Amino acid sequence: MHIWDVTNGARFSTYAIRADEGSGIISLNGGAARHVQVGDLIIVAAFASMSEAEAETFKPNLVYVDGSNTITHTNHSIPTQAA
């Protein structure tokens, strides 16, 4: 997965370790922990390999959280920027 830190501009790749469901825990360990501080606003992006046929019907899962990492809403379409 990729982590994009909106607060300080850091960009890096790392892996996920499952936390207890509903805990709101998003933590970074090892060297990755040096790139992000508690309270930073981050974007977590995960990727998957798929065939062209699968990609044509794929709907992404976007999850939005509040300051406590509680899910506020989800979406299946990527927002676009108007010109």
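Cβ from N, Cα, C; glycine included.
Database features, via TrEMBL:
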ACT_SITE  Y15  active site, proton donor
BINDING   T14, G30, G31, A32  substrate binding site
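Structure coloured by features recorded in TrEMBL.
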residue : record                    : contacts (Cβ under 8 Å, 6+ apart)
T14     : substrate binding site    : M1, I3, L28, A32
Y15     : active site, proton donor : M1
G30     : substrate binding site    : none
G31     : substrate binding site    : none
Helix, strand or coil for G30 (substrate binding site)? Use DSSP.
helix
Let's check the environment of A32 (substrate binding site): how many other CB atoms sit within 10 Å of its CB?
15
Substrate site, defined by T14, G30, G31, A32: further same-chain residues with Cβ within 8 Å of the Cβ centre:
F12, L28, N29, A33, R34, H35
Helix, strand or coil for Y15 (active site, proton donor)? Use DSSP.
coil
